[in-house]
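To keep things clear, I will list the structure first and then write my remarks on it.
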2 protein chains.
Amino acid sequence: MKKTIIINGIFVTVDEVAPLIRGCMVIEQDRIIYIGEQAPEPLEAYDEVINGHNRLYMPGLVNTHCHAAMSLLRGYGDDLALQIWLEEKMWPMEAKFSAKDVRWGTQLSILEMIKGGTTTFVDMYDHMDEVAQAVEQSGMRGCLTRGVIGLCPPEVQDAKLKEATAFARNWNGKADGRITTMMSPHAPYTCPPDYIERIVQAAHDLDLPIHTHMSETLREVLANEQQYGLRPVEHLEKLGVFTRPTLVAHGVHLTNEEISILAKYSVHVSHNPGSNLKLASGIARVQELQHAGVKVSLGTDSSASNNNLDMFEEMRLAALIHKGVSGDPLAVPAKEALRMATLTGAESLWLPDVGQLKAGMKADFIALDLDQPHLLPKTDFISHIVYSASAKDVIDVCVDGNWIVRGGACLTLDEERIKREFELCFEGLLG
Amino acid sequence: MKKTIIINGIFVTVDEVAPLIRGCMVIEQDRIIYIGEQAPEPLEAYDEVINGHNRLYMPGLVNTHCHAAMSLLRGYGDDLALQIWLEEKMWPMEAKFSAKDVRWGTQLSILEMIKGGTTTFVDMYDHMDEVAQAVEQSGMRGCLTRGVIGLCPPEVQDAKLKEATAFARNWNGKADGRITTMMSPHAPYTCPPDYIERIVQAAHDLDLPIHTHMSETLREVLANEQQYGLRPVEHLEKLGVFTRPTLVAHGVHLTNEEISILAKYSVHVSHNPGSNLKLASGIARVQELQHAGVKVSLGTDSSASNNNLDMFEEMRLAALIHKGVSGDPLAVPAKEALRMATLTGAESLWLPDVGQLKAGMKADFIALDLDQPHLLPKTDFISHIVYSASAKDVIDVCVDGNWIVRGGACLTLDEERIKREFELCFEGLLG
């Protein structure tokens, strides 16, 4: 069993008891087995000794809402309202996506994510076998789900549900447990109620969680009320969605009553500040959700509405916008934004041993290069992570005890080939 | 006269007529003399031929409000309200700043700025000879001003004004014209009215513009009303400030009447979205200001309230927050955010030949490394600059026809020494 020790490191742990440790961390197999000021054994006892001087170590970032393949649509149809952007730009192009497009679009995004310090992500898309294979190869962690849109004839609905179920069954727990799966009605406004109920039943049968878009725009909330006489939260409650562990993306337009319902069922919310701002969807009530006890994590959404997958930016946006909008400089402090992007993210995906640097946790961690002007002086490192760092400060990435990025280079994927294939796919979609 | 040509480049010009050019740009001395699809002469005619393949060229970024030396206070006292942060954290530490602290704090910020694509900045601070020397050495452009706080005995007021006047006179037009100067009462709430009038008179005598903080927080606006019976804009109008060309920083809390007054006098506003959000000061009425014809540029403010000097982030924040808050997905489109950070920034500093890639303009430009996952596909490059890029994508920087960053390394400053001296200064301030 290989044992690695990092010495002379600064560790931001996201642990309340010891939030910052200067010293050593020991990794054995897939786990952190020690973190503390002194090396627990003489350095000769280790297979690898890493000098962590000028490195800032922290848990890998957890992106709880993404559609990775949509990197192919980055910059395609910017500065439009969500519904127009979806209906006139995204959906027509996405309709052309082949399995191959999804393969290379997803691989490009995974490359961007892991080089930028994201070690776990949620993906909701189509051609999910391609996504799962890419995750397996990359070495990162993925919580994956075939998102189904039910605005189609019954036989197409049946086929999609069958595909989603097969995917979820086949891939759950694969890649040494790095892949988990969920069931996903795309959104209340894209799935008829009876179809949502069938998806919930499938999730029950497989004992899997549910992921869905919910209450992203005011227009969608009003349409839900008009069509079903209920706002989205009560609508989904009535359809039994929340009887399963559930992660909803966005949750921008919520009443106090809706927040209470989400809290009652322990529904998790993926807050996507960059995407919500860019599409002018609005500003989620993050502080009220947190105050009610709802777990709020962070997601990038796709790079078509962001337009990158830099989780440092999502932390920063979460820490900044709620201050500016509420007028409260204490809103979402740096420490809380960091927690949302790490430990709370992992908890939101029901991963009990990810998201902290602590003995017993999975060895999912990243290192930032501290020897840079914008990360000096060496003072409040949590502040530096949230308010000053970016994806490009990440230099080393370890997931499940394996290095997947070292010295800024990805060790598991062929970056040059991915970029080349991705560009060919993009040209194909345009042609 | 040395002539350089860049071939095979993609140029985002910030010129309405030809916003994107694929081809060549020629630089002679300090000027761009040609930009177009074809090389104007055979390549043998040039002293240097640069292959711009996989580079995205754009004008250098213009940061219209900064206090560079405050990098020493990055991460010191985060998540506090502006007045408490200023009075209890910033001012006591700043009172300890020596000329040496300003020297190294400023050099660290200049290093961060130029490596991140900022080619011109405004600095308002103390010990300004140190700042001017650093700007001169760095090769970048600076519009510099000794900010004076008038809450002190008359003889101290006199000494400060004398110092500010001497600095402004001595350094205006220096460093081959890269340095210009302004006169700066720090803010209406830190300068008695008669002192502001004396500073305005000095600006008249020297024929220089005025820079000041204004209407950053609601508290300051209400205090102004209480103390002087006028809101800050009318107060400064009454004191004759706007009879000089004026650049105000922040301008967050403005009535329609105040916006009209600013437009009437062609007062320029430096919008600092990152700082305003972080200090919970509020959200400036950028669209209303622009609609009234006010020039709105972008500034980082200091890295104590930002906490970095990445102008790409300020562009992105400007493009995102006004969409999210207004609910209008067309608010501050990418093209406009880019213009604010380049051409409008230069115009706001009365620099008529900076901020565009166009024949006759100063050769102040930067190159981004396009060969990266988050900048693919090669589609809407303006969108990529605003919504996806960051300071760390900058690879080459040219100011006034001279390369100051090449391949990501600064050619004009000693990075290792600056970081070392900066850390010593920080330790000294703590001790």
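Cβ coordinates are placed from backbone N, Cα and C, and glycine is handled just like the others.
The domain 'Amidohydrolase-related' annotation in TrEMBL covers B:57-403. Restricting the average to the domain 'Amidohydrolase-related' (B:57-403) gives a pLDDT of 97.
TrEMBL lists B:H65, B:H67, B:H213, B:D301 with the feature Zn(2+) binding site. DSSP gives B:H213 (Zn(2+) binding site) a strand state. Within the same chain, the residues at least 6 positions away from B:H213 (Zn(2+) binding site) whose Cβ sits under 8 Å from its Cβ are B:H186, B:A187, B:V248, B:A249, B:H250, listed in sequence order.
Per TrEMBL, substrate binding site is recorded for B:E94, B:R146, B:H186, B:E216, B:D301. Within the same chain, residues at least 6 positions away in sequence whose Cβ sits under 8 Å from that of B:D301 (Zn(2+) binding site) are B:H65, B:C66, B:H67, B:A249, B:N272, B:G274, B:S275.
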B:R146 (substrate binding site): tally of other CB atoms within 10 A of its CB: 26
Farthest-apart CA atoms of B:E94, B:R146, B:H186, B:E216, B:D301, residues recorded for substrate, distance in Å: 20
Of B:H65, B:H67, B:H186 (the binding-site residues), the residue whose Cβ has the fewest other Cβ atoms within 10 Å: B:H186
Chain A contacts among the binding-site residues B:H65, B:H67, B:E94, B:H186, B:H213, B:D301 (Cβ under 8 Å): none
Per-residue Cβ crowding (10 Å cut-off), top of binding-site residues B:E94, B:E216: B:E216
Cβ within 8 Å of the mean position of the Cβ atoms of B:H65, B:H67, B:H213, B:D301: remaining residues of the chain near Zn(2+): B:C66, B:M124, B:A249, B:H250, B:S270, B:N272, B:S275, B:G299, B:S302
